[in-house]
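Asks: Pulled these from TrEMBL:
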- 53-103: domain 'Inner membrane component' (DOMAIN)
- 273-391: domain 'Sodium/calcium exchanger membrane region' (DOMAIN)
- 495-637: domain 'Sodium/calcium exchanger membrane region' (DOMAIN)
- 56-79: transmembrane segment (TRANSMEM)
- 165-187: transmembrane segment (TRANSMEM)
- 241-260: transmembrane segment (TRANSMEM)
- 272-289: transmembrane segment (TRANSMEM)
- 301-322: transmembrane segment (TRANSMEM)
- 342-365: transmembrane segment (TRANSMEM)
- 377-396: transmembrane segment (TRANSMEM)
- 443-463: transmembrane segment (TRANSMEM)
- 495-514: transmembrane segment (TRANSMEM)
- 526-546: transmembrane segment (TRANSMEM)
- 592-613: transmembrane segment (TRANSMEM)
- 620-640: transmembrane segment (TRANSMEM)
Amino acid sequence: EKNKLKKKSLQFGFKKWKSHVTARPWEDRSEIVKELYSDLNVIRGSAGSTVTCGNILYLLLFGWWLSLLYVLVAAVMFVTVVGAPYGRLCWDLAGYFLWPFGKVIQKVEVPKSCRVLGACEASAGESSALLGGPVPRRWRPWCWVDTGHWQRAGAVAWLCLGYPVLALAHGLVCVAAWLLIFLIPVAKLSARTAARILLLPPEQVLVRRLRMTEVPLEGEVILCCYHAVNPYYYKYAVDGINVFAVNLLPLVLVTLVLGYMDSHNRLTSSPIKFTLALLSIMPLSYYIGMAIASISAQSNFAVGAVVNATFGSITELTFYISALIKGSREGNRCYAEIVKSALTGTLVGCVLFVPGLCMVIGGIWHQEQRFNSRSAGVSSALLFLSVGGVFAPTLFSKVYGKLVCGECHNVTQNPLGHYLCHNCHFDLMDNNGTLYYSHVQPLVYTVSLLLPAAYLIGLFFTLKTHSHIYDIHISDCHMPGHHHSAVVHWSRWRALVILLLSTLCMSACADLATEHISPILTNSTISQYFIGVTVLAMVPELPEIVNGIQFALQNNLSLSIEIGNCIAVQVCMLQIPILVLFTIFYPTNFTLVFSDLHVYASMFSVVLMNYIFMDGKCDYFQGTVLVMVYFILLAVYFFAPSPSGC
């Protein structure tokens with residue numbers, strides 16, 4: 001079931017699959033992934049040496065000052081007298097947090113008869129087979145002769161003087177380690193300490209050093225950590241959401257607060273706000289994709305197609321429409337040219353860079369990768385159709401438009417000689433715009449109707465009548481002997497709410513990005529073409545690029561290729577027609593007439609992609625060719641002069 005869901009979600013025109021939309025059965029996961037979700041309370045028989053680079057990094061970043069803080073708090077608690085038991089606990093924990101690896105914290109039940117120090121010492125001196133002898137004196141639980149009033153006074157002193165300081169310190173460690181991702185075990189360690197260990201009675205907390213044995217401990221194990229760093233935590237997910245997307249979510253809040261509360265740039269400058277807004281688009285794009293995939297996985301074909309067609313390109317369209325509105329209000333044609341550059345950059349990047357990068361990375365691990373050449377052929381044919389339709393008005397204007405030049409100089413001083421002209425372009429508004437309004441504009445509207453129609457026909461072809469073409473083997477989901485029904489993390493209503501909220505935040509971030517891009521366009525020495533085809537085009541697609549790389553590493557190159565094709569098809573068959581439709585109701589400077597550079601780059605990219613995909617197999621060399629061609633095109637855009645009107 002899950003295999004079918006993933007296969008359908010990656011057919012052309014459907015928003016790309018997020019790898020954790022459905023919950024994978026626990027027994028089908030690898031031991032590496034299972035370890036990521038452990039509670040740090042499992043004792044291993046053989047954990048190896050604890051002196052590792054990651055553990056030393058913990059000591060340098062957190063261990064030394066946490067231990068020192070525990071020593072200071074222990075001194076304060078000893079001074080209060082009534083808090084002496086907690087002072088002894090802090091002293092023990094100071095040694096633990098200096099180097100917690102290979103040690104265990106457990107909860108023990110103290111007998112009611114243990115009311116005097118001697119009885120406690122007798123019980124603490126009992127041997128333990130796991131620890132290989134009697135418990136050292138420094139790790140004994142603290143027992144004392146007191147009354148209920150004395151215990152309550154000690155607890156009050158602890159909660160007022162000791163616990164808040166340590167809880168704050170562990171909170172800071174938890175946040176810092178979580179943001180560093182690979183140090184998440186340290187975050188779990190600190191969270192468990194602040195939420196449970198520091199709230200237990202001190203006589204119930206026992207800190208011990210483990211030795212090589214297989215005899216189970218007496219008492220509940222609360223903490224047992226061996227390594228501070230785990231490089232596989234990039235796979236960690238919270239309720240199906242990748243940890244990187246979770247950590248980038250606060251960036252969205254910071255961007256919105258700074259953008260709308262600091263409208264006069266007293267705290268930060270416009271370039272910083274533009275950068276933050278652009279980076280905030282990445283997690284929002286991830287959440288929108290997750291919500292779309294979740295709704296599609298729980299819906300029939302019609303609902304899934306409508307949701308994907310409606311919200312599949314919302315990330316890019318929100319930014320493009322905001323830019324066109326701003327350009328129309330300011331009377332600046334540069335914003336329309338930036339939008340065209342971003343559209344072309346997305347098309348070229350997804351045709352060349354995304355599959356090329358996946359081929360290179362996948363080819364490093366697999367000598368030769370094969371993919372579904374027939375499905376790639378269907379997508380390639382659609383790309384030819386869409387690119388031809390999108391650039392048809394441009395080619396029409398080149399044939400019938402009037403060439404107008406800004407400056408011309410006679411280099412031979414002869415009226416019949418050669419002229420050197422600058423700033424030449426094809427004018428479509430000659431004779432009061434007769435050519436444009438009578439010929440070019442109707443052609444644009446015709447193309448804008450035909451492309452979405454071709455999109456719907458393609459959906460029906462790939463999802464209904466010829467779905468067998470897309471029978472792609474999913475190595476990470478197809479497990480012989482396991483037939484589990486797919487359980488989606490998010491319900492329909494939850495996914496819908498997240499989709500609407502993410503879209504709203506996306507609109508706000510896009511508005512901030514277009515509001516603060518003006519200084520970059522006016523003061524930058526880099527061509528506006530280059531800014532459009534790189535930063536504005538590819539940053540929103542970074543989550544999809546990561547997805548493609550993951551599939552390539554799993555030897556599922558068909559899925560990686562479909563990711564790039566899906567984005568390219570939606571650019572031509574959905575995004576551009578929607579922008580044309582928007583200009584009908586809200587007049588802007590956007591016309592479906594592209595520069596020669598955009599036309600040649602797009603057509604050459606599609607032709608090269610079809611040539612590479614003909615035989616249904618590839619290696620890292622072919623991927624390198626695609627990536628190199630993409631960087632050559634970027635160099636062309638970098639050295640190209642800015643478009644007219646900018």
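The backbone N, Cα and C atoms fix where each Cβ goes, and this holds for glycine too.
Help me understand the surroundings of these features in the structure.
Replies: In terms of DSSP secondary structure, the domain 'Sodium/calcium exchanger membrane region' (495-637) contains 117 helix, 2 strand, 24 coil.
Sequence-distant neighbours of the transmembrane segment (165-187) (same chain, 6+ residues past either end, Cβ-Cβ under 8 Å): 36, 40, 54, 57-58, 61-62, 66, 69-70, 73, 90, 193-194, 198, 225, 227-231, 233-234, 236, 243-244, 247.
Long-range Cβ contacts of the transmembrane segment (342-365) within its own chain (Cβ-Cβ under 8 Å, at least 6 residues beyond either end) map to 316, 319-320, 383, 387, 532-534, 536-538, 541, 544-545, 548-549, 551-553, 555, 557, 560-561, 563-565, 567-568, 571-572, 575-576, 594, 598, 601-602, 605-606, 608-609, 618-627, 629-630, 633.
With a cut-off of 8 Å between Cβ atoms, the residues of this chain six or more beyond the transmembrane segment (377-396) that come close are 12, 347, 351, 439-440, 443-444, 447, 450-451, 454, 458, 461-462, 469, 561-562, 565, 568-569, 572-573, 576, 591-594, 598-599, 602-603, 606, 609-610, 613.
Cβ atoms under 8 Å from those of the transmembrane segment (495-514) belong to residues 252, 255-256, 259-260, 273-274, 276-278, 280-281, 284-285, 287-288, 290-292, 294-295, 311, 314-315, 318-319, 321-323, 325-326, 335 of the same chain, restricted to positions at least 6 beyond its ends.
Within the chain, the transmembrane segment (620-640) has long-range Cβ neighbours (under 8 A, six or more residues past its boundaries) at 341, 348-349, 352-353, 355-364, 526-527, 529-530, 533-534, 597, 601, 605, 608-609, 612.
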Asks: How does the domain 'Inner membrane component' (53-103) divide up by DSSP, counting helix, then strand, then coil residues?
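Replies: Across the domain 'Inner membrane component' (53-103), the residues distribute as 42 helix, 2 strand, 7 coil.
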Asks: Over the span of the domain 'Sodium/calcium exchanger membrane region' (273-391), count residues by DSSP class, listing helix, strand and coil in order.
Replies: 104 helix, 2 strand, 13 coil
